[in-house]
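S.K.: For reference, the structure I am asking about is given below.
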Amino acid sequence: MTQKIAVLPGDGIGPEIVEQAVRVLQALNLPLELQEAKVGGAAFDAFEHPLPPATLGLAKSSHAVLFGAVGDWKYDSLPREFRPEQAILGLRRALGLFANLRPAILYPELASASSLKPEIVAGLDIIIIRELTGDIYFGTPRGVRSAPDGVFSGEREGYDTMRYAESEVRRIAHVGFETARKRNKKLCSVDKANVLETSQFWRDIVIEVAREYPDVELSHMYVDNAAMQLVRNPRQFDVIVTGNLFGDILSDEAAMLTGSIGMLPSASLNASGQGLYEPSHGSAPDIAGQGIANPLATILSAAMLLRYSLNQPAQADRIEAAVRKVLAQGLRTADIHEAGTTKVSTSQMGDAVLKALA
């Protein structure tokens, strides 16, 4: 059966890095139908909207979406609803993407590029699972008003609402436990249950779900301690599951442990396994068109696409092994280049991965 992939390169370095990931997917000779469409600023320029109906329709009808990056300074003056970044939010809503998976893997060859000492991060291989659709980012009511009470009653105040429904917590908890079950059977749930009612509710539900996974070791950690432990002893973790706000912060922190955000893929999944796959980095308009962007995060995102949405784990393993081989050969794009290694361009890195696949 042919499986359809929506290819959305986007802005900045997006087209350059997605091109290399597409080359890798095509080299596998799988029955894939790759259809490309505009998104973000590129879509606004062409259709006056960052997520045109045709692009959204393609994404909905596909088994998975391979996404590049969106955003450019030239769009900063647009009304918020027309800015490129709204495209990714719109896709998350329309596809019901609620689980964000962010691996943080330190390849041995890049240990010296990490922010931490090699002996602390050597062998790091963790995954952070972030809930995407709830929490303070989407809770209502929110806004600016005259404070109705408190010490500063009558002054202007900004306010947001942190909230989670039971079903939202249950489904992300299941993703966490299922992921842990396939790895080392350790799951750490991160919250702020000592202060927030929402977090205590989160913890209670996670504990209930844990009864269905007696083979998985569950632990809990307050988010402030988790942020510290990721720097102090990151290898104590295997799978972390947490809410939208905490996950947003912790996943970026974990990214810096690996040496370069240009190496980190991500997946966002819905209940049926349909997913959006993208590198964790942004559109980097300052280096767009120079041929120096690192395509490995996007290529690894394509591997996640094969693993989680197309049920092709063996092909995903092939891509990941090819990336490891290329790094072992000493090939580096500018962001991870250091003395004693060979600097290559975006397309040359793609060529090397293709050769390693053969």
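Keep in mind that glycine also has a Cβ here, set from the backbone N, Cα and C atoms.
The structure displayed is predicted, hence computed values, not measured ones.
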S.K.: Name the residue, out of Arg80, Arg102, Arg235, that Swiss-Prot lists for the same substrate site as Arg92, Arg130, Asp224, please.
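M.R.: Between Arg80, Arg102, Arg235, Swiss-Prot records just one in the substrate site with Arg92, Arg130, Asp224, namely Arg102.
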S.K.: Find, among the recorded positions listed as Arg92, Arg102, Arg130, Lys192, the one whose Cβ has the highest number of other Cβ atoms within 10 Å in the structure shown.
M.R.: Arg130
S.K.: For Tyr137 (site 'Important for catalysis') and Asp248 (Mg(2+) binding site), determine the Cα separation and express it in whole Å.
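M.R.: Between the alpha carbons of Tyr137 (site 'Important for catalysis') and Asp248 (Mg(2+) binding site) there are 11 Å.
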S.K.: Of the recorded positions Lys192, Asp224, Asp248, Asp252, which one sits closest to Gly282 (NAD(+) binding site) when you measure Cα to Cα?
M.R.: Asp252
S.K.: Say you check the Cα of Asp248 (Mg(2+) binding site) against those of the binding-site residues Arg130, Ala288, Gln290; which is nearest?
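M.R.: Given the candidates Arg130, Ala288, Gln290, the nearest one is Arg130.
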S.K.: Based on DSSP, name the secondary structure state of Asp252 (Mg(2+) binding site): helix, strand or coil.
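M.R.: In the DSSP reduction, Asp252 (Mg(2+) binding site) maps to helix.
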S.K.: Name the secondary structure element type, per DSSP in three states, that contains Tyr137 (site 'Important for catalysis').
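M.R.: For Tyr137 (site 'Important for catalysis') - judged by DSSP and reduced to three states - the answer is helix.
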